[in-house]
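Colleague: The structure follows.
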């Protein structure tokens, strides 16, 4: 080994020296292959640049043995053959395996910033790497404490990390897509839930309306008296300490009564609107209907119209006046004493007896109205049944009248035919009387 000086490799810095060692490797012939008894020898040049004492750079650096030579001395160095070329195109690894001074302790990679690509040899389909002064199989080699991981190892680690990151990104992307799909499905389900809730509320409201619909002519006619009761209840709804709970109950009852009144008014207005065109579309009774069934249709028509029209006649008016008087008396009993007692007692009542009494009376009145509502509903159903029967009777009477008319026409035709035949017989007899008697027994002609 002969050291060579190189002053042009690092930019005319004369304080650097370059040392080159020539390693020669002899291998035995491979007798396993037939006709292959050649021996192989490899020459490996190693060039190291070391600074002298007192230089500015504290660390030695290596030449890149496979780059373009920068000086004549470097160009004169022997090159590696093709079989000794590096198997990687990555930058040179850092090398600190061979100690420069055998008496000194080998320096670590942090102390020596040496770029070095370990030589590799491929023999019989196996790759060998020069490590720690000996050739080691690449698959079975161990990492030396003075050897840093190779570039391929770093590259593999980097690729493994990239692959893991790519896998994680793909998993995150798939999870985000699944989350997005689940959110869309959740939105659709929430919309369907809202639509179903709206339908359910509408269904409940329609059921409540059907149940609360009830004809109440008394409330329809005497709405003024109920308005007075409402005003009295509103006056009673002033907060008074102990009476707050009772007043709240009164408010709820008042709201229920208002809703019931509005529903009944709407129902009766609709019933009157439907009854008016039905009465207008009724066919006028023909004059021939009266002899067939004079009393049946008239009685049923009067009975039906009396329920849906305004009461006519003195008995109906007397009954309505009696009911109105009873209702007004009940309302006066509910509202009158409360006003007098409030005037006597004053704003602060010791206990809530008066509102409770008024609430009981209102409940009784509401129960009576509900009973009357049920009775009127039953009467309305019976009236509908009677109306259907009335229509059936009308059709039967019409058929009977047409049958009687046809019978009368048939009778008239028969009478006219008999009269014509009788006159023809009389004329034939007169003709035979004027004709001369040809024979004693003349034959009479047949009837025409």
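If you go along the chain as it appears here, the first residue is 1 and each next one adds 1.
From the backbone N, Cα and C atoms, a Cβ is placed for every residue, glycine too.
Quick paste from Swiss-Prot:
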- 164-198: coiled coil (COILED)
- 242-267: coiled coil (COILED)
- 356-414: coiled coil (COILED)
- 279-291: compositional bias 'Basic and acidic residues' (COMPBIAS)
- 307-323: compositional bias 'Basic and acidic residues' (COMPBIAS)
- 41: phosphoserine (MOD_RES)
- 86: phosphoserine (MOD_RES)
- 89: phosphoserine (MOD_RES)
- 97: phosphoserine (MOD_RES)
- 124: phosphoserine (MOD_RES)
- 144: phosphoserine (MOD_RES)
- 148: phosphoserine (MOD_RES)
- 150: phosphoserine (MOD_RES)
- 212: phosphoserine (MOD_RES)
- 225: phosphoserine (MOD_RES)
- 335: phosphoserine (MOD_RES)
- 338: phosphoserine (MOD_RES)
- 270-323: region 'Disordered' (REGION)
Colleague: Among 124, 212, all listed as modified residues, which has the most CB atoms within 10 Å of its CB?
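Modeller: It comes out as 212.
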Colleague: Per-residue pLDDT averaged over the coiled coil (356-414) comes to what?
Modeller: 90
Colleague: Could you say whether, by DSSP, residue 124 (phosphoserine) belongs to a helix, a strand or a coil region?
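Modeller: Note: residue 124 (phosphoserine) is coil by DSSP, not helix or strand.
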Colleague: Measuring Cα to Cα, how many Å separate residue 212 (phosphoserine) from residue 124 (phosphoserine)?
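Modeller: Checking the Cα atoms of residue 212 (phosphoserine) and residue 124 (phosphoserine) gives a distance of 102 Å.
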